[in-house]
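These notes are about the structure you will find just below.
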């Protein structure tokens with residue numbers, strides 16, 4: 001059996017491709033928004049209901065998806081959810097009203113809720129602790145790549161055929177990836193092409209809570225009663241509205257505020273997502289650099305990245321001070337970079353403080369918190385954008401991220417959740 005050096009990087013590349021296609025299906029509706037609103041006579045508020053349907057379903061399914069992944073395993077669980085979102089995305093082409101779009105997008109959101117927990121679980125299986133933020137940065141970059149390629153692909157499909165074809169193409173690509181995932185993904189213990197040296201490197205570099213597979217799983221109640229959970233969940237609640245806004249509203253923002261046509265949207269709407277890619281990658285490399293430069297531990301280094309991203313989010317918060325559309329695009333690029341840098345750090349923190357047997361569940365619960373905020377903010381945008389404009393809403397997003405940075409420094413302790421639970425003596429977590 002031929003051994004492949006550096007196989008963990010091939011695995012994270014496969015995870016990244018899944019994230020790319022998942023976010024392509026997610027952002028197809030945003031890129032097609034001007035056409036959908038015109039052809040189906042959809043108002044801004046009705047469009048917000050479509051976005052909220054996706055976000056609400058994603059919110060509710062986050063902990064469910066995490067639990068299913070922990071029970072079925074990364075390979076089977078992720079494949080099942082990917083097939084579902086592919087089918088539901090293609091079925092969106094059958095919608096003939098905003099209500100039909102909302103139902104279809106809600107189904108897509110429910111299935112795509114597994115995407116980030118699955119990526120995080122795969123990263124915790126395949127990477128030692130010191131490289132995990134890099135791995136998460138790479139698979140998280142897929143979210144912005146998918147969002148980046150959606151505008152030109154969707155505009156091409158609309159011009160060449162119809163908006164329905166855009167959803168069919170996106171769904172078909174995700175289905176093909178799901179089949180590839182079933183074929184190629186394996187846990188390191190089952191991967192025969194993995195060298196002994198790399199297997200030892202992965203296992204020996206993981207924290208104790210990730211090395212032991214026979215440990216009892218923390219219950220949902222124990223996770224919710226742990227302050228470490230809230231130290232991650234609250235900042236994610238405050239940060240996620242920004243990413244939801246970037247994914248769902250930028251094309252419509254360009255159309256309504258600056259009068260961009262479909263061609264101009266295809267030319268510029270992807271740019272903030274390119275910078276979001278850079279934020280994902282750089283945000284993954286910063287924690288080990290901060291550890292080396294400042295002598296801090298892993299959790300503190302993640303907090304520093306979150307803080308840096310929150311400060312940079314002041315950029316898009318000032319978008320209302322400028323009338324030039326190209327300055328606005330530049331500020332959105334800064335925001336894309338900032339959010340994805342801090343988002344990667346927040347997501348990775350779940351695998352830093354929770355054990356392998358509950359990491360997907362914990363991430364699903366923190367994700368539920370994040371997407372609840374995204375759902376609510378989408379409704380706020382739909383209700384207020386046509387009256388007060390988009391600028392005050394971008395300012396609010398900047399304030400949210402700064403508050404999230406404050407919370408993470410005051411609530412999250414610099415130790416695993418198991419240690420925090422044992423110190424409280426109220427509800428001791430199971431020993432790992």
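The backbone N, Cα and C atoms fix where each Cβ goes, glycine too.
Noted in Swiss-Prot for the protein shown:
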- 1-31: signal peptide (SIGNAL)
- 33-48: topological domain 'Periplasmic' (TOPO_DOM)
- 49-69: transmembrane segment (TRANSMEM)
- 70-75: topological domain 'Cytoplasmic' (TOPO_DOM)
- 76-96: transmembrane segment (TRANSMEM)
- 100-120: transmembrane segment (TRANSMEM)
- 121-138: topological domain 'Cytoplasmic' (TOPO_DOM)
- 139-159: transmembrane segment (TRANSMEM)
- 160-164: topological domain 'Periplasmic' (TOPO_DOM)
- 165-185: transmembrane segment (TRANSMEM)
- 186-236: topological domain 'Cytoplasmic' (TOPO_DOM)
- 237-257: transmembrane segment (TRANSMEM)
- 258-264: topological domain 'Periplasmic' (TOPO_DOM)
- 265-285: transmembrane segment (TRANSMEM)
- 286-293: topological domain 'Cytoplasmic' (TOPO_DOM)
- 294-314: transmembrane segment (TRANSMEM)
- 318-338: transmembrane segment (TRANSMEM)
- 339-369: topological domain 'Cytoplasmic' (TOPO_DOM)
- 370-390: transmembrane segment (TRANSMEM)
- 392-412: transmembrane segment (TRANSMEM)
- 413-432: topological domain 'Cytoplasmic' (TOPO_DOM)
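Tertiary neighbourhood of the transmembrane segment (49-69): same-chain residues 26, 29-30, 42, 77-78, 80-81, 98, 101-103, 105-114, 117-118, 121, 220, 244, 248-249, 360-365, 367-368, 370-372, 374-375, 378-379, 382, selected by CB-CB distance under 8 Å and a gap of 6+ residues from either end. Secondary structure of the topological domain 'Periplasmic' (33-48), assigned with DSSP and counted as helix (H, G, I), strand (E, B) and coil, comes to 12 helix, 0 strand, 4 coil.
The transmembrane segment (139-159) is in contact with the transmembrane segment (265-285), judged by 3+ CB-CB distances under 8 Å for residue pairs 6 or more apart in sequence. With a cut-off of 8 Å between Cβ atoms, the residues of this chain six or more beyond the transmembrane segment (76-96) that come close are 18, 22, 25, 28-29, 40, 65, 68-69, 103-105, 107-108, 110-115, 118, 122, 164-165, 167-168, 170-175, 177-178, 181-182, 185.
Each residue of the topological domain 'Periplasmic' (160-164) gets a DSSP state, and the totals for helix, strand and coil are 3 helix, 0 strand, 2 coil.
Of the candidate ranges 237-257, 265-285, 318-338, 237-257 contributes the most Cβ pairs within a distance under 8 Å of the transmembrane segment (370-390). Summarising model confidence by region, the topological domain 'Cytoplasmic' (186-236) averages a pLDDT of 79. Across the topological domain 'Cytoplasmic' (70-75), DSSP helix (H, G, I), strand (E, B) and coil residues number 5 helix, 0 strand, 1 coil.
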